Amino acid sequence: KVQQYTLIIQATDMEGNPTYGLSNTATAVIAVTDVNDNPPEFTAMTFYGEVPENRVDVIVANLTVTDKDQPHTPAWNAMYRMTGGDPTGRFAILTDPNSNDGLVTVVKPIDFETNRMFVLTVAAENQVPLAKGIQHPPQSTATVSITVIDVNESPYFVPNPKLVRQEEGLLAGSTLTTFTAQDPDRYMQQTSLRYSKLSDPANWLKIDPVNGQITTTAVLDRESIYVQNNMYNATFLASDNGIPPMSGTGTLQIYLLDINDNAPQVNPKEATTCETLQPNAINITAVDPDIDPNAGPFAFELPDTPASIKRNWTIVRISGDHAQLSLRIRFLEAGIYDVPIVITDSGNPHASSTSVLKVKVCQCDINGDCTDVDRIVGAGLGTGAIIAILLCIIILLILVLMFVVWMKRRDKERQAKQLLIDPEDDVRDNILKYDEEGGGEEDQDYDLSQLQQPDTVEPDAIKPVGIRRLDERPIHAEPQYPVRSAAPHPGDIGDFINEGLKAADNDPTAPPYDSLLVFDYEGSGSTAGSLSSLNSSSSGGEQDYDYLNDWGPRFKKLADMYGGGDD
């Protein structure tokens, strides 16, 4: 109630005689030190909260307490603990250091179908015990009622993963197994689950969307690249129609048992030996994709036909998987020979195949090395060499096509760039092609009558008297141009050209006419008058044109006309 007392003390001598005694005062400040004499007390007897199922790390209830001791001291700080109602430890209570409240938190998932409600009993006490002599109980208790909310949960497959053992070779359309899931939401109104395929690397399976029955769509093959250690994995999906819809996945593991469905093959496919009897052994190996007991040991033998095979060759098994092929005769001509070898495995029933071994027989030196490999290789190409040649040809064709496409694209880009440039803005020295070669005024299909006879468009009142502009072809007899003979002598070409030039110069009917060419009619009555009164000879009479003689033969004519003096 009172944290501090301030006292004023007065002292008086002469036994406190107020008349003759002298006195003085002093101040005494007494601070009351708090002790834990008040335990925390809950503000309510019951607290309520709710939490969705399967949620963790969420606060579901806030517990409030009061404590009359000094705040933020050990006598005021509250500690909360669970005293009942949580045997599996799904809840925890933390203390808020600022408000001293207790925060009830979910630390483990809660299943609605298992527990719909929790009633917890909690106690609160201080960090330090109560002081001696205090009659209050050291702690306060309350009840926390927590309701679990049902939510839509994902269905789950049982078991997951599911293992099925099956022999390979199961035909398409066969029933393999049934893989179903369960919906944990027993109290929700939902229809049955729907199934679908999520992952099937080899596309061998399909699942019925209603009952989860799995059937094959292709033959199961243990030797497939999608099978690892005889195990094939496929993943399926189960979905409900809740709000929101939920789904769960399950893995089906198929352990494929081997059957003898593969015949052994010879390895390698090609070998080289000498044309003489010694040394000529070729080591070969049988390869079978199957596993025991459908693989080795293998049996090696040569076929009866053609007869030349057993006559020229012999084969001996040296181990369960290996054999040696050698010449039976002393000499075999160099070349390439196809030797068929029959290989049989140990399966039940047995599987066998005839593999062809391509043997290159060659001349050898004393060390057993071929000395005429080039000649034998030229006699025939192996499969690898043919494949390499075909690949080179395909690559070359692709490069040629890419080059052609690149050239066409570059031409299109160049044309596009040219179209973007305005010819008037192009400052480069280009040759402009117009494709127009007009031959003069007679080649122009224009009506010049309006320009030649302007009086037809002007009224008589404003037409000047006695003025008429004409640009008409003179009426004269057309001269006879020289005709060149069909097969002239090469020496008369110059004479023919000169005669034709002279005839054209003397032809008054040939354009351009020696007359006034009217390009545009600008009306009559110009205030400037006529320019015909200007005399060009008188205007330049005082000019000295003798320097034209120094300008070369091109100006000789001008020099003769103007630089010759008065003549």
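For all residues, glycine too, the Cβ spot is worked out from N, Cα and C.
Not measured: the values here are computed from a predicted model.
Pulled from TrEMBL, these are the features on record:
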{"type": "DOMAIN", "residues": "3-42", "note": "domain 'Cadherin'"}
{"type": "DOMAIN", "residues": "43-157", "note": "domain 'Cadherin'"}
{"type": "DOMAIN", "residues": "158-266", "note": "domain 'Cadherin'"}
{"type": "DOMAIN", "residues": "265-371", "note": "domain 'Cadherin'"}
{"type": "TRANSMEM", "residues": "385-407", "note": "transmembrane segment"}
{"type": "COMPBIAS", "residues": "524-541", "note": "compositional bias 'Low complexity'"}
{"type": "REGION", "residues": "524-545", "note": "region 'Disordered'"}
The DSSP breakdown of the domain 'Cadherin' (43-157) into helix, strand and coil residues is 0 helix, 53 strand, 62 coil
The predicted model's mean pLDDT over the domain 'Cadherin' (158-266) is 89
For the domain 'Cadherin' (265-371), the DSSP residue counts stand at 6 helix, 53 strand, 48 coil
